[in-house]
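Q: Pasting the feature list from TrEMBL:
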DOMAIN    127-261  domain 'SLC41A/MgtE integral membrane'
DOMAIN    341-484  domain 'SLC41A/MgtE integral membrane'
REGION    1-27  region 'Disordered'
REGION    48-80  region 'Disordered'
TRANSMEM  86-108  transmembrane segment
TRANSMEM  169-192  transmembrane segment
TRANSMEM  204-229  transmembrane segment
TRANSMEM  241-266  transmembrane segment
TRANSMEM  273-293  transmembrane segment
TRANSMEM  305-325  transmembrane segment
TRANSMEM  399-415  transmembrane segment
TRANSMEM  427-448  transmembrane segment
TRANSMEM  469-492  transmembrane segment
Amino acid sequence: MTSTLEPKDPPQANGDCGQPAGPEHFLRPEGTAVDLVVLESRANAKGVREEDALLENGSQSNESDDTSTERGPEPPSPLKETSFSIGLQVLFPFLLAGFGTVAAGMVLDIVQHWDVFKQVTEVFILVPALLGLKGNLEMTLASRLSTAANIGQMDSHKELWKMVTGNMALIQVQATVVGFLASIAAVVFGWIPDGHFSMDHAVLLCASSVATAFIASLVLGMIMIGVIIGSKKMGINPDNVATPIAASLGDLITLALLSGISWGLYKELESRAYVNPLVCAFFLSLLPIWIIIARRNSATREVLYSGWEPVIIAMAISSVGGLILDRTVSDPNFAGMAVFTPVINGVGGNLVAVQASRISTYLHMSGEPGEGPGTAPRKCPSPCSTFCSSDVNSRSARVLFLLVVPGHLVFLYTIHSMQGGHTTLTLIFIVFYMTAALLQVLILLYIADWMVHWMWGRHLDPDNFSIPYLTALGDLIGTGLLALSFHVLWLIGDRDSDVGD
């Protein structure tokens with residue numbers, strides 16, 4: 001005890017045990033050994049917590065050591081991700097999502113010859129609106145739950161159950177309402193050109209749309225919850241995998257459900273016409289139950305009241321893209337465009353959803369919407385700050401942008417090998433297609449950087465508001481650029497590609 005309290009020989013106090021020089025200011029006449037042990041213990045505890053951090057969401061980890069050690073069970077600033085780790089985590093879900101869009105395109109190519117699609121052509125109008133639900137609802141749910149998992153709001157079983165039940169009830173409300181509105185839009189758009197209205201067809205569209213939206217959201221919501229919980233336990237950033245997986249399954253499941261349900265209800269139309277209104281009334285009657293559950297949950301109460309504007313506007317934006325698709329594909333010269341549209345729109349929407357979710361998580365680390373680094377109203381950022389800075393969100397934007405070309409090459413080869421759309425992939429076609437895809441993702445990533453910060457500065461949660469707009473813009477921009485590419489190819493005489501056959 002006497003030797004440890006000797007403060008008079010500084011060189012010997014630090015050199016024998018390999019301790020770094022210069023801690024003389026920690027030595028006091030009494031309690032020296034205790035101070036050193038406590039400091040070392042705190043340092044070790046901090047290191048363990050840093051190694052256990054799930055992911056890095058963009059935080060620059062500049063807080064003091066004292067702050068990070070006093071938070072107890074709350075997760076500290078996560079570890080920084082490298083470009084390689086971001087790309088590695090995103091790559092598999094990105095490819096899975098792309099193959100999902102390819103499969104959806106192939107399914108649409110098959111079911112378009114079914115009787116229900118021939119006799120009730122308004123079903124085609126439902127396709128872009130219902131497929132857009134993955135951006136409006138499922139991908140928003142994935143982003144919201146990813147953020148909650150990253151900031152420690154799903155650590156306990158009680159918090160997890162509360163978050164799951166509230167969000168599942170919320171998306172059932174949104175899916176039912178959006179499905180009903182989409183059916184009304186389909187009836188109106190089908191009635192205006194022809195001037196013909198069929199009540200049986202209108203009820204069929206309503207029942208098919210509402211049932212498809214409800215079941216698809218229920219299935220995809222449960223899958224998203226499992227993916228996010230599993231990602232957290234495996235130490236993978238949920239922001240990198242949840243939204244692409246939602247997108248990969250969303251198009252295929254929704255289109256398969258719409259085709260099957262509409263076909264089954266069409267068969268019942270002749271013998272038991274009352275089945276269609278009963279199906280529609282059943283799903284609409286469940287609305288009060290989901291509303292009550294969502295209202296009782298503080299995590300979803302605000303979204304229940306304020307989250308309708310982006311969902312409805314996004315549906316309208318997607319409908320404009322659907323109108324472009326309908327006008328373009330109706331020309332026999334450009335009929336081959338249909339099989340590529342879900343792919344280019346799906347890839348763009350998937351990548352921008354990942355980026356928006358990551359930026360939102362980064363901002364949530366600083367507090368509630370309107371607090372922290374995104375508080376001040378933000379003007380349009382420069383392209384250099386979005387893509388060329390050393391910030392982690394800029395790094396992820398570069399990684400996501402670099403995935404476009406190799407990803408689309410794989411998807412184009414898959415479509416070609418399956419003879420989808422009866423297309424021949426010429427060099428000039430691939431150049432124009434890749435140009436459209438790169439320009440689409442470039443615009444979307446830039447808009448995401450501005451939009452997420454802009455919404456945050458106005459006290460709006462980007463998880464609830466940004467992704468519906470961004471995925472809908474992805475549909476509009478992707479369809480527009482692809483249609484423009486097909487028109488230019490036709491004008492310059494690249495008929496050898498057989499894009500219209």
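Backbone N, Cα and C atoms are what each Cβ position is placed from, and that goes for glycine too.
Note that the coordinates shown come from a computational prediction; the quantities given were computed from them, not determined experimentally.
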Q: Mind checking which residues reach the transmembrane segment (399-415)? Cβ under 8 Å, same chain, six or more beyond either end.
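A: Those are 83, 86-87, 90-91, 94-95, 98-99, 101-102, 105, 339-340, 343-344, 347, 351, 354-355, 387, 421, 423, 425, 430, 433-434, 437-438, 441-442, 445, in sequence order.
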Q: With an 8 Å cut-off on Cβ pairs and a sequence gap of 6 or more, do the transmembrane segment (305-325) and the transmembrane segment (469-492) reach 3 or more such pairs?
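A: In contact, yes.
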Q: With DSSP as the reference, give the number of residues of the domain 'SLC41A/MgtE integral membrane' (341-484) in helix, strand and coil.
A: 114 helix, 0 strand, 30 coil
Q: Are the transmembrane segment (469-492) and the transmembrane segment (427-448) near each other by the rule of at least 3 C-beta pairs under 8 angstroms (pairs 6 or more apart)?
A: yes
Q: Should anything in the same chain at least six residues away from the transmembrane segment (204-229) have a Cβ under 8 Å from its Cβ atoms, list it; otherwise answer none.
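A: Here the qualifying positions are 120, 122-123, 126, 129-130, 133-134, 137-138, 141-142, 145-146, 149, 154, 160, 164, 167-168, 171-172, 174-176, 178-180, 182-184, 186-187, 238, 241-242, 245-246, 249-250, 253-254, 257-258, 261-262, 265-266, 269, 276-277, 279-280, 283-284, 286.
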Q: What parts of the chain pack near the transmembrane segment (469-492), using Cβ distances under 8 Å and only residues at least 6 beyond its ends?
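A: Result: 128, 132, 134-136, 139, 310, 313-315, 317-318, 320-322, 324-325, 328, 333-334, 337, 340-341, 344-345, 348-349, 352-353, 356, 428-429, 432-433, 435-437, 439-440, 443-444, 447-448, 451, 499-500.
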Q: Tell me the residue counts in helix, strand and coil for the domain 'SLC41A/MgtE integral membrane' (127-261), as DSSP assigns them.
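A: Per DSSP, the residues of the domain 'SLC41A/MgtE integral membrane' (127-261) fall into 121 helix, 0 strand, 14 coil.
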Q: What else in the chain is close to the transmembrane segment (273-293), if you only count residues 6 or more beyond its ends and a Cβ gap under 8 Å?
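A: Result: 165-166, 169-170, 172-173, 176-177, 180, 200, 203-204, 206-207, 210-211, 214, 265, 304.
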